[in-house]
C-alpha cells in the first residue's frame, strides 16, 4: 500500500464537525536499531477557530523533561541536532494529519514523543499523553495465533503478527514448513492512531500428513531475523493400514506357524479396535495379531483387517495367503486302455499366486514340454505307463506332489527272440524270447510246429532241452546240438488283448570269435580277432566282421587286426564265414573291453530350494561324472580338504574325513554325487573333482553357490515413500554370531561396506527402489545373495502435459500427459471443465475427431480436424491412492498449416511439394513466406514450395506465414519436419588386436545411412556376423565370437583369436535404398617368436627360437624363418648352440599351409651381451692455435661399459648415465706441456674389462693466415709458419693441398695478388738442430664474384612432356641461383621452390640448380639464370629447344669395349633430313664436330669414350635437339692393384687394400691359400673378430689387428664380372718388416761414412750434403716403398707423414 493512501486512510479517522481540541496517536510504537518507524497521528480543534496563517506542527521528545524538538514545520533549525536528517513530518496539517517518521533508529531514541500544533498566539494545543517509542538492538519474535483443535479435511487460518512497521524498507513476515500445494498466504499492515502492526495470515487445508508438522514464522527487519514456531496436532482416521505376513519372502508350507499382523502406519488419536476378515467373512479374533498354528489347505484365502479410532476407520489392502502344496488327480480313475485320453491335474490350494510354474515328472524324469497345471495324455500308449508327479515352483522354491501310477493296458508287442552258441565247443545252444505286454503274456517257443517250452509249463521232455521262464521271458537251452536242431524257431506271446509272433533262423554250425591277447586290453595295445568256423578252408572263403551289429569289415582273412585299440573300438563283435557253397551262422558276440585313463570330468553344481518337500529347505547338489575304463576313483575337494570320494567305505561318512550329517554322498561307477542340506557359507566356493585310475588322472573345477547369504527386507519389499526399511543380510555359517564385515550392492554396484548386518533406509525415497544384494567379507570366496527388489510407493508428481501439432495429416494435435507415481495413477484430461479422456477409457467416441490411448502412467489424446474452437486451456489430473496432482497448458490452434505431398518421410532425390493451408478462404493477393529451421527462404513467396529432387541438406523443419492483403495480422503455421532417407555411405571397417591373455580381436564396422543399414561382416565368403542374427554362419555360431549391435554399427569381438581368423574382412551395408561395403585386413598376431631363455643372452650361450602359432590345425602348417629379412630355413624352431654377436639381429617366422603365402610374425631382436673389446684411445688437436685437445676413448661392449680415463695415475673423467654409450670424451682447453704424456682408458662391464693407453703430444707448429683465412680475389695474403721452439738456422718446407710447394729459411709465404689458384690447404715443416716438426693443414679461402654461368637444358626421353633445365656457376662463396621464365621466378637455391604453377621437382647443390618442367609447350622457351653472392652477380640466357630429334644407338647403349657402335640422330615426325642439313654431336656437353650426315660412328669403342651424348640438327626449317643418352662401355677387370701396410713398431697391425678397374663393377675376393678371408659380397666370408672388412665399389680393404702367425702368407686378390676375371697376389707379414729394419741399419752406416767424407769439402759442400741427408733420413724414418715383382709394402709412422713426390701414397689413419 502506498504512503499517500495510508495518509488518506489515517485522515478518515477524524470525523467531520469535530468541535474539541485533541491529539490521537498510539500508546506505544516499537522499532529495531537501524530500521525506521511511523507514529500515526491526527489532531482536532473547534471548527470556529480561524486559521489565518496555517498551522505549525511540532513534535517533542521527552516533553515533560528535556523537551527536545524532533520536528518543526515552521522553523527546522529548532530541531535537536541528533534528530536532524533522521526525522520527517509525514502529516498534512490542512487535513489534520500529524504522522512522524523516525529513521535510522538508535536505542537512544527510546522515550516519549508528544505532538503540539499552533494556530495563533491564542489557539495552540499540546498532547500531554504522547506515544512511548521503544527501540531495541534485536527484534522480538513474532506472535503466532492458531485454532484450538485441528481436524483433517478442515480449512484453518494461522496468524503471525509483529509490531514493527517501516515505510522505508520492507518488514517481512514469512511462513515456513507448510505444503505449498495446500496453503496460501496473505498479509496486512495496520497504520492507525489506535496502534501499528504487521499481520501475515496462513490459510491451510488440513491433512493427516500435517500431524507433527512444525510451522515457523520468520521476521526479517533491518538485517535482523527472528522466528516463532508452532507444532501441529491434527486428528485423523488411521492411515497406512496393512497386513504383515510371517513368514514372508518364502513359501509357506503345510504345518508351519503363520502369523498375520495388522500394522497401522499412523493414527491420531490411537487405534481403538481391530477387526479381521477372511474371504469377506469376519473372524472372531479382535487383536492386532492373527495366529494360524498349523497352516493347512483350508487356511488359504484373502485376508483383510480394519483399524478404527475416534475419527474414523480404514481397511487394509487384501493379502493372499497361499499354502504351498500340490496333489495330482488322475482321470479316468479306472483301468486305462490304449488310445484313451488321460488327464492329470496338479491342484493347489486357493489363492495360489499367479507366478507359479508347473513341472511334470514321469519316473523321476522331467517332461520338457509340460509346464501347465494340467497334463493331458492324448491317445495314451504303452509308453505312457509310469509314475507321475507334479512340481510347483516360484521364486522362493518348489514343492512336489505325491506320485500317482498310470498303467496303460495293451496287447503283446512283437517278441524278441535271440540265440546263442557255446563259444568253445559249439555243442550248447540257447534261445531266449522276451516280450512287452500289459497284462503279462503267455510265451510259447516251438520248432517245426513242435512246442519246446512255454511259460505255462508245456515243454518237450527230451533231456537235451531245458526251459526256464520269468515274467514275459522264456529261455530254452539245447545240449548236444545236432544238425536237425538248425532251422526256424517260433516264439508266440498271448494275453487278453491280443497276441504276437516272431521267428528266428538258428544255425547250429555258427562261427566262433576269439580275441587275442585278451578280451580286456589297454588303449593303444594291438588286438587280433579270429573267426573260426566249421567250413573247409577254400580260396573263395570270405569273412564278415560286425561291431555292435553293424558291418565293420569284409575280406578273405580270418583275422582282424586292431593295431592300436582305442575306446571307440570297444564293443560287441561277431563274425560270419562263407564259401562258394555254404555259409556259417553268425558267431556269438564277443565283447572287447578297452581300458583307458579318465577323460575330462563333467562337474556340475546346482541348488534346489525346498526340493524334497515341505520344510526341507535348501539342497545343494554337486555331481561329477567321468568317462574311463576301468571306472575311476573320484575325489571331491574343497579348500584342499577331501569332501567325498568314490572309494567304498565301511559306512557313515568316513570317506570325507568326518563330514557333516547334512551331507549325503551317493556313489556309482564313474559318478560321485554329493547332496548338502541347507549349505553353510563355509561350504560355498570352488570345488575340485579329481578322477584317477591305474592308467592316468584328470580333474576339473566348479563354483558352488548354496545361497547361504539371504537378503531380507522388513517390513516388506513394497513400501511407501517416507517409511522405514530395514535390509538384513542373513548368513548361514558355522561361526554364527561372530563379528563380520558386509558388502552391500545396489543394482550390481558396490553400495556400502561395514560391520552391520542390517542397513536402515529412513526415510525410504523413490530413488531407493532398486535390486539389493549383500555378501559377507569374512569368508574368502563368499557368494552374493540372491538380489531382492525393493519397490517404493509414492503419490503422483506434477504431471507433464505436452501438445504436438501435426499439420501434414489433416491438421491434427496430439496431447500427451505423463506422470511419475507408484502405484500407477489414474489420468484425466480436461478441456476447460469438459472431460475429454481418462486412462480408464475415452469420454468421447473414438471413431470421431478424438482418439485416446492409455498406457502405464501415460495418456495420449489425438484430436483430428482441429478447429479454432479447440484452442484453450487443457488440464491433466493424476490420482492414485496416495494423492493427486494436476497441471495445465494453453493450446493455440494456428490459422495456417503445412501440407506435405507425398509425405514428410522422403527418399533422397524424390520430388516433394509443400502447401501452405489456411482455415478460411484464401483472398486474392495473399502473400506467403517460407522458413526452414527458422530461417526465411528468400526464393519462395508462393503458397507452394516444390523440390524436384530433394537432398539431405534440404531436410529440416519447414513452416509458412500467410498474410491477407490489407490485414495487419499474419497466420503462422507450425513447423513440419521433412525426413530424407538415403542409401548407405561412408562405410568404415576398423580392426584392433589385444595380445593379452585373452587374445581379443575387435572389428568395428560403421556406416552412415537412413534408415539404419543391415550390416554383414564376411571373412572371405563366410558370413561371420550381421545386425540381424548376431554371430552366424553356415556352420553355426562360435563361442569365441561376441557380437554387439547398434544402429549403423556392428562390433565383433573374437576371443582367443587364431591364425584362421586372420585375413581380409568385408563389411557390407544395405538398406532398402542401396548398399555399400568396405574391407580391412585383420592381423591376429597369431604367429609369434618365442626366445629361450630370453631375448637378452650372453655370447656363447645356448639360445632356442621357437615359432608359436595359435591355430586349430597345427599339423597342416609349414614354417619359414627370416633372419634380417633373409630367408634362413624351414623348421619349427632354430637352435643357436653358441650364440655370437653375428646372431644379434632381427628374427621373424612365417607360418602357412603348403603352397600358400605364409603369415609373418612381428620381428623380435636378439640382444647378445659380450665383454668389452676393440678398446681404442685417440686424440685430436685444434688446427688453429692448438687451444683445444680432444681425447676420445671408444669401446665395443654390450651392455655399455663403464669407461674411465686417467693421466699419470690420476682419474680425469668417467662415463655417467648421460654419456654416449661406450664413448668417453675429454676436452683439454689451453693444453700445457704438463698435459703431455701417457693417457690410459679402462672399460669395465659385468662381463669383463679391457685397458689401453696412448701418448699425447701437443702440436707446436701451426700455420697462420693474414689478414684472415678468407680474402677476396686480388687482395694480398701472407701465410706464416709459426714455430715457437725454432732455433736458427731453421729450414721451412711448405705444402699446398698435400703437394710440396717450396722450402727455405723464410717462415712466410706472400701472395701480392691472391687468385683462386691460391685457395686450398697449407701446411709446413720446421727443421732445425732439434729435429723436424710439422703443422696441421690450414685452409685458405679466396672469394670471387660469380662467373662462367652455364644454362643447359634437355628433354627427358622417357616423358615427352617433361624437360630438365640446369644452371651452374663458379663462385666463392657459393652463389644464390634463381631460375626465371617470362619474368616469373620458377625456383631458387635458397629453398623457395615451385613459385610458379607448372614447375616440378627442384634439386639444389653447391653452385648448381636443377629444375624439372612439366607440360612443356611445343615451341621454344627462353629461361634466365641469375647467380649472386656478396661480391657480385651474373646472369645467362638459355633456350629450351623443341625436342625434334632422338639419339638411337646400334647395337645399344651398353657396348663391350672394342665393339663397333653407331649413334644416329633421328628426326621426330615430318620428312627426313634434306639438303643443307647439319648434325652436331655433343659429348658431356662438349661439342665434337658437325657433319651433314646424322650418324656418329665408332669402329672400336673405348672406355674413355663413355659418357653423355646428344645431337643438334640444324635444318632449313629450324633447329631440333635431342635428349641426352648415356653410353656405357663394358670391359673385364684389369689386373688388380694390391697394397699392403704394416705398422712399423712391432708389426701388430696391418692393412691390405685391393682395387680394380672394371665395368660393370667386379666382385672382389681375398684368399690366404685356400682360406677365404674377405669378399665384397654381403656375408661372403665369416669375419673373424680381429679382421675388419670394408667393401666399396671395385675396392676391398681388410684391417687386421693383433697380427697372428696364421695371418701371414701369400694373399691372392681376385676380381670378376660377367666379362672376365683377373687376380694378383702379394706377401703380407713381418718378413718385409725385418728386411726394412736391415735396410734402415745399412742406410745409417752408409750415411755416417758419406757424412765424414763430405765434411772435408767445406761449408758449402757440407750444406749441400746436409740437405740430401735430411731428405734421405726423412724417407728412411717414415716411408720406404719396396717394389718386388709380386708385392708392395709400405710402412707408416702414425706420428708423422711425409710426401717426397706427388705420387706417394697418402698417410693412413
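A Cβ is built for glycine as well, from the same backbone N, Cα and C atoms used for every other residue.
Within the set 1621-1641, 1642-1662, 1663-1683, the record from Swiss-Prot flags 1642-1662 under the feature transmembrane segment. When averaged over the domain 'Ig-like C2-type 14' (1350-1442), pLDDT in the model lands at 77. Comparing C-alpha positions, residue 741 (N-linked glycosylation site) sits nearest to 730 among the glycosylation sites 159, 265, 499, 730, 1138. If you measure from the Cα atom of residue 1138 (N-linked glycosylation site) to that of residue 339 (N-linked glycosylation site), you get 86 Å. Highest local Cβ density among the glycosylation sites 265, 726, 741, 886, 1104 belongs to 886, counted as other Cβ atoms within 10 Å over all protein chains shown.
In the three-state DSSP scheme, residue 1138 (N-linked glycosylation site) is classed as coil. Residue counts of the domain 'Ig-like C2-type 3' (326-405) by helix, strand and coil are 3 helix, 40 strand, 37 coil (DSSP-based). Checking each of the glycosylation sites (159, 265, 499, 726, 1104, 1462) against residue 1251 (N-linked glycosylation site), the C-alpha distance stays within 10 Å for none of them.
Residue pair residue 159 (N-linked glycosylation site) / residue 726 (N-linked glycosylation site) shows a Cα separation of 41 Å. Comparing C-alpha positions, residue 726 (N-linked glycosylation site) sits nearest to 339 among the glycosylation sites 339, 499, 1104, 1462. Listed in sequence order, 411, 412, 441, 492, 493 are the same-chain residues six or more apart from residue 499 (N-linked glycosylation site) with CB atoms under 8 A from its CB. When the C-alpha distances from residue 1462 (N-linked glycosylation site) to the glycosylation sites 265, 339, 730, 886, 1104 are tabulated, the minimum falls on 1104. Put simply, of the glycosylation sites 265, 730, 886, 1104, the one whose Cα is nearest the Cα of residue 339 (N-linked glycosylation site) is 730. Annotation for residue 730 (N-linked glycosylation site): same-chain Cβ neighbours under 8 Å, separated by at least 6 residues, are 709, 710, 711, 712, 757. In this structure, residue 741 (N-linked glycosylation site) belongs to neither helix nor strand by DSSP; it is coil. Minimal Cβ crowding within 10 Å, among the glycosylation sites 159, 1138, is found at 1138.
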